[in-house]
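Colleague: These came from Swiss-Prot, pasted as-is:
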TRANSMEM  149-169  transmembrane segment
BINDING   GLU156, GLU195, HIS198, GLU303  Fe cation 1 binding site
BINDING   GLU195, GLU246, GLU303, HIS306  Fe cation 2 binding site
TRANSMEM  214-234  transmembrane segment
Amino acid sequence: MLVHQVNTKLCSAKQFTHLAKVVTPALSYQASSVYSANLPRLAASPRLFSTTSSAQLRDFFPVKETEHIRQTPPTWPHHGLTEKEMVDVVPGHRKPRTLGDKFAWSLVRISRWGMDKVSGLSSEQQQINKGSPTTSIVAAKPLTEAQWLSRFIFLESIAAVPGMVAGMLRHLHSLRRLKRDNGWIETLLEEAYNERMHLLTFLKMCEPGWLMKILIIGAQGVYFNAMFVAYLISPKICHRFVGYLEEEAVHTYTRSIEELERGDLPKWSDPKFQVPEIAVSYWGMPEGHRTMRDLLLYIRADEANHRGVHHTLGNLNQVEDPNPFVSDYKGDKPRPVAASRPEGFEREEVIGKEVIGKEVIEKDVIGKEVLGKQVSV
């Protein structure tokens, strides 16, 4: 009978030495690769509203590679801004004049208070100044970079809702009336697109956790439906509400810029810090002007523009008046600059008085067109 002798040793000393020489470099290479890949993300500070581990961060919306398409440019390219236009933006406030204005302003203040509470800001970090009708841009204690990003992402996720709702309803209104909308739809949809680009930019810097995602879904559902019903009831109050909301956005970004300039946000002040490529492409940020401060200046200028647009639209006839920000004026008069007027333009400034001279085309009995006299409408 054959008896097989079993070697109980795993390997001899010579074999073990040879095996170690082969395995050790491979293991060390994998370990170093994993460590180096995760090192920058591990360095990121904890994020409010985020349950995602820093080590699990990834490109939140990677570009899909296709065989033929190289890239998809923005549908609405940014119109561009000069440094002077961005620096000249100042916080402002339109004092409530009507009952609707007061209602809209109260809703914004309540929303701001609720956002501060949900964000977990301490009393020293909150901006609300009870002794002033506007929000203070200075607080006793600065926010961290993580707190700012969490706040930006949540706010921008719902900031794009009003423009889309208003644009959609005005589009349907135009179809029902079989009439032109006179430029309102394009401006409102472009605003929604612009706010979404703000969100996508910040998402390249911070991935929200599951709690933030749930809050965004809930807030969007409530906000969209509430805005939908409210705009059907009173478009004027809705535009005033969004105007006040954009005032708060200008205050928020102004405070973040000032904290950055004071050195309270060292990670964003680092000369090595670069803004996401999506921001460089969308705003056309030139070389040497791609810091976090530059990015915040661009976004604040956008919010200032929305502030002026909505306060102005809230002053107009919601059915008949054209959009003054896309219209061509008589006598080569320049278009109004929304960002330059925090409280918006009055109707008389951009449309004119209630009685306007208008040339009427009439036809005589033989069908020839005759230029009629000016009449009042």
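Just so it is clear, glycine is given a Cβ too, placed from its N, Cα and C backbone atoms.
Computed from a predicted structure; not experimentally measured.
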Colleague: Between GLU195 (Fe cation 1 binding site) and GLU246 (Fe cation 2 binding site), find the distance joining the two CA atoms and give it rounded to the nearest Å.
Modeller: 11
Colleague: Neighbourhood of the Fe cation 1 site (GLU156, GLU195, HIS198, GLU303): other residues with Cβ within 8 Å of the Cβ centroid, in order?
Modeller: LEU155, ALA159, ALA160, ASN194, ARG196, MET197, LEU199, ALA249, ILE299, ASP302
Colleague: Take the Cβ of GLU303 (Fe cation 1 binding site) and count every other Cβ within 10 Å, whichever protein chain it belongs to.
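Modeller: By my count, 27.
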Colleague: Give me the count of other Cβ atoms within 10 A of the Cβ belonging to HIS198 (Fe cation 1 binding site).
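Modeller: Within a 10 Å radius of the Cβ of HIS198 (Fe cation 1 binding site) lie 25 other Cβ atoms.
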Colleague: Using the alpha carbons only, what distance in Å do you get between GLU246 (Fe cation 2 binding site) and GLU156 (Fe cation 1 binding site) once rounded?
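Modeller: With distance taken Cα to Cα, GLU156 (Fe cation 1 binding site) is 11 Å from GLU246 (Fe cation 2 binding site).
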Colleague: Taking only same-chain residues 6+ apart in sequence, whose CB is under 8 Å from that of GLU156 (Fe cation 1 binding site), what do you get?
Modeller: GLU195, ARG196, HIS198, LEU199, PHE202
Colleague: Just to be sure I understand the packing, how many Cβ atoms besides its own are within 10 Å of the Cβ of GLU246 (Fe cation 2 binding site)?
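Modeller: GLU246 (Fe cation 2 binding site) is surrounded by 26 other Cβ atoms within 10 Å.
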Colleague: Inside 8 A of the center formed by the CB atoms of GLU195, GLU246, GLU303, HIS306, which other residues of the chain have their CB, for the recorded Fe cation 2 site?
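Modeller: Residues close to the Fe cation 2 site, other than GLU195, GLU246, GLU303, HIS306: ALA159, GLU191, ASN194, VAL242, LEU245, ALA249, ASP302, ALA304, ASN305, ARG307.
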